[in-house]
Amino acid sequence: MNSSSSASMQNELDPDRMPKHVAIIMDGNGRWAKKRLLNRINGHEKGAETVRTIVRTARKLDIAVLTLYAFSTENWQRPQPEVSGLMLLLRRFLEAERQTLVDNGIRLNTIGQTDRLPQAVRDKLAAVMTDTAANTRMVLNLALSYGARAEIVDMVRQMATAASQGTLDPASVTAETVAGHLYTRGMPDVDLLIRTSGEMRLSNFLLWQIAYSELCFTPTLWPDFGEAEFVRILKDYQSRDRRFGRVPSTGRP
Ligand code: IPE
Ligand code: IPE
Ligand code: MG
């Protein structure tokens, strides 16, 4: 992006009201391809280009954590060629983006049952995570083989084990204890959740972490999503009054 459009982007948005954590359900690749009589994998390829754009935009805007839902626990049930195609695309994405992540201070992290991913993908993920481990400007959190219910089950198992071993006192468990046993431990709660493609459901994404998130559903298919719409959504987010159950922060006393 050139510096003038970058400057106008910054003028439009209030840096003090930027969400710390943005999560996106990147949906609609298949329908994008179908509309063009293409293969679903072509839709995923185009979707990977949108990922590149949005990662760069989020970094430029100083968003601290960007969580992208790339593959759900349920997505394993898709036809085998589509699953393999997605795994190959993921490897290619990691190879192509490695240097950009390093150069831009972005740390790669994953959430989900990543032990279910093919070894070649796990190796690539581990290499890029090592290369970017010291980066502090932004966390790019890829949800891979992710399901919120599986995350909650894992959390309960860990805490129950600790309790049975006497290292966790059940009476002392708080919301913070629970958050500390989720895949997102140490990260702020999601401020803004975006889903593309017009579907109004969560599809097993981040159930605990979105308790007070602002929600945005756009009909745009993920391959057609871009910087301009992302900035518009952020601007709309900044105009919302997040009350967290309290009375309005502006207006009458
Ligand atoms: C989102 O696009 C990408 C993944 C779930 C991996 P879809 O593949 O779900 O696209 P639609 O919903 O069929 O259009
Ligand atoms: C959710 O999209 C998962 C990802 C975006 C990775 P899906 O396309 O799998 O969700 P459903 O089937 O429409 O609920
Ligand atoms: Mg879908």
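Cβ coordinates come from backbone N, Cα and C, glycine included.
All protein chains considered, the CB of D27 (active site) has 21 other CB atoms within 10 Å. For the recorded site, D27 (active site), the DSSP three-state label reads coil. Residues or ranges marked as active site in TrEMBL: D27.
Per TrEMBL, the feature active site, proton acceptor maps to N75. Long-range Cβ proximity for N75 (active site, proton acceptor), meaning a same-chain Cβ under 8 A and a gap of 6 or more residues, is found for V83, L86, S145. According to DSSP, N75 (active site, proton acceptor) sits within a helical segment.
A simple way to gauge crowding: the CB of E214 (Mg(2+) binding site) has 18 other CB atoms within 10 angstroms, across all the protein chains here. The Mg(2+) binding site feature in TrEMBL is assigned to D27, E214.
Annotated substrate binding site per TrEMBL: 28-32, R40, H44, 72-74, W76, R78, R195, 201-203, in sequence order. Long-range C-beta contacts of W76 (substrate binding site), restricted to its own chain and to partners at least six residues apart, with a cutoff below 8 Å, comprise V83, R116, S145.
Here the candidates are the recorded positions D27, G28, W32, T73. The one whose C-alpha lies nearest to that of E214 (Mg(2+) binding site) is D27.
With a cut-off of 6 Å between Cβ and the nearest atom of ligand 3, the recorded positions D27, W32, H44, N75, W76, R195 reduce to D27. Less than 6 Å separates the Cβ from ligand 2 in the case of D27, N75, drawn from the recorded positions D27, G28, N75, L202 in sequence order. In the three-state DSSP assignment, the secondary structure recorded for W32 (substrate binding site) is helix.
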